[in-house]
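Peer 1: Okay, handing you the structure first.
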Amino acid sequence: MARATAFAFRKPSVLPGFGLTLGFAVAYLSLIVLVPLAGLVVKTASMGWPEFWSLATDPRTLAALRLSFGASAAAAAMNAVFGLLVAWVLVRYEFPGKRIIDAMVDLPFALPTAVAGIALTAIYAPNGWIGRYAAEAGVKIAYTPIGIFIALVFIGLPFIVRTVQPVLEDMDREVEEMAATLGANRLQTVVRIVLPTLAPALLTGFALAFARAVGEYGSVIFIAGNIPYVSEIAPLLIVIRLTEFNYAAATAIATVMLALSFVILLAINLLQAWSRRRLGHD
Amino acid sequence: MTDVTHGAPVTARRAFVSPATERRVVRIVLVLVAIAFLAIFLFLPLISVFYEAFRAGFSAFLRAVTERETASAIRLTLIVAAFSVPANLVFGVAAAWAIAKYEFKGKSLLITLIDLPFSISPVTSGLIYVLMFGAQGYIGPVLADHGIKIIFAVPGIVLATIFVTFPFIARELIPIMQAQGSQDEEAALSLGASGLKTFFRVTLPNVKWALLYGVLLCNARAMGEFGAVSVVSGHIRGKTNTMPLQVEILYNEYNYGAAFAVASLLALLALFTLIVKSVLEWRYADEIAATRRH
């Protein structure tokens, strides 16, 4: 019986170790990831709808969520433009130092977020290298939502570059040549041929950068100023609620963040599937 | 953008410009804009870390990084990485073996679940362990009765670090092992090698660079993780502070020089990671899952 179900469950193979490796992988995954995450869901479910709703719609929570999602969307949009430009330049052009620049694009992945946070704060503080000139112009960057935006641009950049780059590398140049022979000028070719082909990758990169930015903590809290209702991001509010031992509120915010990110990622995935179909890719 | 040059004197040798690229001036402008953007957003923060770290001179830097609490933070960071990286390495190899070498139901669900920790905020990653093992958690009180402390102690830091670095090694190994198939292993087995011998003599050498790549990224994140660790650590000086947490504490005490000194060590780790990673990508592009470059 056990043998028969095992047979239906997987195709036969001569290699040994299926039970051991899959069993270990699933057990480890459950212990480290699934059970603790289920704990969050159970905690939320045990709260009851009225309590959850009042915690989730608390004005300070709403302000933090609005800031987190808004700043993340703005930063991902900025990165969509400049990330595309960086990917384009790295794939299409030759220039000195290209390899080093290509490698450095991953710096935000490699640099610990706390290090990025204090470095950005030092630069954009009113006496910093850039903050000084901004202050002269009457703009305050650090300790305002603009600072949060800058930190989120920093951490999101590689997501766009690394999703667009391989697609751009694989792109068939003949299509562009054909457009040119048919009389399209370069701008028309780029806007009407190249960009639509890159759109799904760009959307994926946007989604990844956005999702990362929403949850980002380390690089933001130093530069944000953390003023409630003004520059307090949702992850920080979770930490604040935890230090107050208000676990219910912390859980509610975490659940709302997870749910919102999930809905947005789902929407972007659908949009992406639609743009693929419309363009007739696979 | 590429309007035809009207009435320009026709020189004998005019450089050929492919119709599928931009004019030279456009290219130069685009490159310069891209470099300026990267200089401001990437290079400047990196330079500022080292500038601030050595601003007060090398001896001040040395004093800061050898200070007692900082030294203990460095030690704890190494300990945490020494636990979490091997744990995820064993998991990554096991998961990749099961996923790449066999066909079974629910495989794509398993792959999706492995990537799950990447889409969860580090703070939430810490929170779920507090809910589980904290003083008011599900099993925290039971463990406390037996004298086991997880939250605000080293085990919690290790667990949270394992969670946030969970997918790194598995996601490097799975695609490359899937691409390689299992003919080599089948040949070894049919020639009489044991299962373990096949793994160590055939499979492992085939994926060694991908494995190193995954370990490298996993280690960088494990040593640098801030949000998740910050939630579970309790910030007990000299005891539960990792290097990133020590950076925060020194910074919040306005001890900027020392904060940046510790930060510069982490930045060096990041640079080292980037260099090794790039070398691996250039030399062994076919042997690492280049399609999933992070």
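Cβ from N, Cα, C; glycine included.
Okay, so TrEMBL annotates it like this:
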TRANSMEM  A:20-42  transmembrane segment
TRANSMEM  A:63-89  transmembrane segment
DOMAIN    A:65-266  domain 'ABC transmembrane type-1'
TRANSMEM  A:109-129  transmembrane segment
TRANSMEM  A:141-161  transmembrane segment
TRANSMEM  A:190-210  transmembrane segment
TRANSMEM  A:217-240  transmembrane segment
TRANSMEM  A:246-271  transmembrane segment
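What's the neighbourhood like for these features in this structure?
Peer 2: Long-range contacts of the transmembrane segment (A:63-89) within the same chain: residues 95, 105, 145, 148-149, 152-153, 156-157, 159-161, 164-165, 168, 198, 202, 205-206, 209-210, 213-214, 216, 228-237, 253, 256-257, 260, 264, each at least 6 residues beyond the stretch ends and with a Cβ under 8 Å from a Cβ of the stretch.
Packing against the transmembrane segment (A:217-240) from elsewhere in the chain are residues 59-61, 63-65, 67-68, 71, 112-114, 116-118, 120-121, 124, 142-145, 147-148, 150-152, 154-155, 250, 253-254, 257: each is 6 or more residues past its ends and has a CB under 8 Å from a CB in it.
Same-chain neighbours of the transmembrane segment (A:246-271): 40-41, 43-44, 47, 51-52, 55-56, 58, 61, 64-65, 68-69, 203-204, 206-207, 210-211, 214-215, 234-235, 237-239, counting only residues six or more beyond its ends whose CB sits under 8 Å from a CB of the stretch.
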Peer 1: By Cβ distance under 8 Å, which residues at least 6 away from the ends of the transmembrane segment (A:20-42) in the same chain are close to it?
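Peer 2: Non-local partners: 251, 254-255, 258.
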